[in-house]
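Let me begin by presenting the structure, written as structure tokens, before commenting on it.
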Amino acid sequence: MNRYALLFIFITALLDAIGFGIIMPVLPGLLMDVSGGDLSSSVRYGGLLMFCFAVTQFFFSPIIGNLSDHFGRRPVLLFSLFVMCINYLIMGIAGSLAVLFIGRIISGIGASTMSTCNAYIADVTPENQRAQNFGLMGAAFGMGFVIGPVIGGFLGEYGPRMPFIAAAVLSFANMLFGYLVLKESLQPENRRRFDITRANPLGTLAQMRHFPVVIGIIGVMFLYNMGHHVLPATWSFFTIEKFNWSPREIGYSLGFIGICMVAVQGFLIRWVLPRTGLRFAGIIGMLFTIVAFIGYAAANSPWMLYMVMLPGALGALAGPAMQGIASSQVGASQQGELQGGLSSMMSLTSIISPILMTQTFGLFTSDQAPVYFPGAAFLLAGALTIGSLGLFIRVTRGLGAATAQQPRR
């Protein structure tokens, strides 16, 4: 694989994650600026913006994935980056809530680049190395999870709009870089006609019915991601409620989690997978995720949280292992469709899970709580992950050595 092309794919995924993280420190100020309201009213607008983003991404991810199976990965990726540039500019100059919502809807379209990035990796990577390179995408998200809030907080000192302008410049520069170095990965003989009936979330999943293992893995990833959204949805509220943390302390903790994700998905995974195989790595990852959620729920001091973060980082093995197994089950002409379907499924969880987790947290910390327990949402996340682990073991039982149990080196 061309190293410059892989670098471009990595940077694209990184910018996608930074675009998510860069908003967090400045969004309250930006919302108060354009709405003229206070923080409590701005929070409700922020929730609606998240909802619009997730819904748009849910519907457009399979469309983008199917378009990449027809036109190729290169033009779709470059177009998506152009869309992200426009989104950041709109968010940066928005003078009303309506314009902000338009920008966030556009960002949901551009954020569908991840499905095409994963399809590009599937095109150019041997099957037994795909999970490792999918892990790079997870590492990019982890880095963005660290870098995004830092950039947003730093540039936010110069005004709540400055981070968006910077993100637009970075996206445009990356688009030019991709135009120069990215070669098409999907050969003409592996392309297929665009079919609108397949370019929707339900149509994509319906096409996957011919691959029982893929359908099972989609179910596993649905439960797993439903649980995993507990971190972005409730972490700030949980640590303030239980430990009275300041924004700086919350930022440090999120940065530490991001660094751990980078270490596991960017480096450790390349040592683990050849020695364990995809199936065993997925099981280990989910087991450590369960341990982490229970540990967070039970932690009585900040140092206990940090102690849980270290083994909990091994949970980052699960996602690439699941993607690697799913990718091995379909042909070259359907990789984009598969990744689009997986992206839509994850977008669906990002619509449902934050509401579920925040409502659970609110219930068990309110005056009407049957039992005061700020960690209740983490226990719910642990239960969902236990369900995903059980389904994963059942779905992958009997898979051949080429996919589930790669030979040890």
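Please read every residue number as a count from 1 along the shown chain.
Placement of Cβ uses the backbone N, Cα and C atoms for every residue, glycine included.
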Of 5-24, 45-64, which span is tagged transmembrane segment by TrEMBL?
45-64
Mean pLDDT across the domain 'Major facilitator superfamily (MFS) profile' (5-399), rounded to an integer, is what?
81
Paired segments the transmembrane segment (371-393) and the transmembrane segment (76-95) in contact, 3+ CB pairs under 8 A:
no
Sequence-remote contacts (6 or more beyond its ends) of the transmembrane segment (76-95), Cβ cut-off under 8 Å?
12, 15-16, 19, 30, 34, 64, 67-68, 102-104, 106-107, 109-113, 116-117, 120, 161-162, 164-165, 167-168, 171-172, 174-175, 178-179, 182
Contact yes or no, the transmembrane segment (250-273) and the transmembrane segment (134-156), 3+ Cβ pairs under 8 Å, gap 6+:
yes
Relative to the transmembrane segment (101-122), which of 45-64, 134-156, 346-365 accounts for the most Cβ pairs at distances under 8 Å?
45-64
Among 45-64, 134-156, 211-230, 305-325, which stretch has the highest count of C-beta pairs below 8 Å with the transmembrane segment (346-365)?
211-230
